[in-house]
Amino acid sequence: MYHAKFQIWVGRLQQVFPVTHRYKCSATKAILSDPAILTLDVAYITDSRNTHKIDKLIQSRKGKGDIHLVQKLWKEYNEETIEKMKSKKYEKFMLEACKIPNQAHSVLDSYGIEPKIVKFINDKRKFDFQPRDFADLCQKCDLLKTEFLGFLAGHKSYIIKDSLAELEQALIQRTCDELLKKGFSLISVPDFLPYHVIEGCGMDIKAERGQVYTLDPSLHGDLCLSGTSEMAIAGFLSNQVLNVDELPLKLAAVSRCYRAEISSSFDERGIYRVHQFTKVEMFGVTKNDISQSEALLQEFVDIQSELSASYGIHCQLLDMPLHELGAPAYRKFDIEAWMPGRNMFGEISSSSNCTDFQARRLNIKYESGEDTYFCHTVNGTACAVPRMLIALLETFQNRYADTINIPEVLWPYMNYQKLLTPPVFPLKMRYIKSW
């Protein structure tokens, strides 16, 4: 159970989102069908002087979107004189324009395809024995089950047991504690979200090999399983007008994350890449000012670095190149942890400045004086549990005993337990076929 202070009450919600907020358009479809409402940066997208720059940006970001088609549709829309046809042409234009990725920081043009290493965090542990990988450690300590679960939850499912499950909760609770100290407000959000919220955050739900689980539309309408609480928080803020005095707004949520992505890579075996996992997410909103959203992005990166450093794991902070940004990010930083049992770095957190990309698609604004402006949004992983568990167990394993040292900062959250050990009375199960 979470500590009582992790609960968010109606009174707190009223402090974070006072009654001065005004709700705007209720649906993305309504925005698309109304030529008077242009939520995208149409002036930038349709300016022929930007065509080459945008086309180069698209090709660098895995070829999503067609700026030439977008500008052609914009010309056709402006030349159309019949009102009914004009609306249809506008909707076609907007559907294609939404596929154009965000602008990117100019420094990334010089990176090529490799990320820039910003810094290393903690020294790499030196072993006087061959370190075992996470799966082997968990098997010896009887802490994890990944086999024979197809009947329960399908491929890439897992069950965390005993003290490893306690460690999972300790990571979540300590992360929330640290975020509360840094001025975040906790919010609990749904896992089911409508299509337009997912797409407004920059995900393509129609991709042939996408990451999004969609529910049967004949039974549940246009609902998906959320891949991260970033989407639900952004959806919660959609169609709202915030007061400028509330910015920057910093929210955090603990949620299950659902990803349909698959991998056959040996390096991504076990619980490294799974279909569902628990994550603590940070989400921030600033004024439409790149200096402010970049400052909040740096704050998120600093929090991630501090948390990683406090656990004693060896990490590297990376400034990611263009092809790793996805559609919504203006700039993105990753932290990778060294996983000695796998002999590789693995991503454990990511932070992105999405500027006004998501705010324009979800209609998130703030009010300053008599005018309203689109916000900037920033998001970042505070703790992705499975990969953090891998890094911790592989880093702090012991040579002879089937035990793993627990980082000292987590002792208060583990009833001052200092070692992960096999259960005294392990639960042994044997599966039988039923005919």
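Any Cβ shown, glycine's included, is placed from N, Cα and C.
Listed in TrEMBL for this protein:
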- Thr228, Arg259, Glu281, Asn379: L-serine binding site (BINDING)
- Arg259, Ala260, Glu261, Val274, His275, Gln276, Phe277, Glu347, Ile348, Ser349, Ser350: ATP binding site (BINDING)
- 179-422: domain 'Aminoacyl-transfer RNA synthetases class-II family profile' (DOMAIN)
- Thr381: site 'Important for serine binding' (SITE)
Original post:
Fewest neighbouring Cβ atoms within 10 Å: which of the binding-site residues Glu261, His275, Glu281, Ser350, Asn379?
Top reply: Glu261
Subject >> Stretch-averaged pLDDT - the domain 'Aminoacyl-transfer RNA synthetases class-II family profile' (179-422) >> reply: 91
Original post:
From the Cα of Thr228 (L-serine binding site) across to the Cα of Glu261 (ATP binding site), what is the distance in angstrom?
Top reply: 14
**OP:** Report the same-chain neighbours of Arg259 (L-serine binding site): residues 6+ apart in sequence with Cβ closer than 8 Å to its Cβ, ordered by sequence.
**Re:** Gln211, Gly227, Arg273, Val274, His275, Gln276
Original post:
Counting all other Cβ atoms within 10 Å across every protein chain shown, which of the recorded positions Thr228, Phe277, Thr381 scores highest?
Top reply: Thr381
Original post:
Taking just the CA atoms, what is the gap between Phe277 (ATP binding site) and Thr381 (site 'Important for serine binding') in Å?
Top reply: 13
Original post:
Given Glu281 (L-serine binding site) and Thr381 (site 'Important for serine binding'), what distance in Å do their CA atoms have, once rounded to a whole number?
Top reply: 5
Original post:
With the L-serine site defined by Thr228, Arg259, Glu281, Asn379, which remaining residues of that chain have Cβ atoms positioned within 8 Å of the Cβ centroid?
Top reply: Ser226, Gly227, Ser229, Glu230, Met231, Cys257, Lys279, Thr381
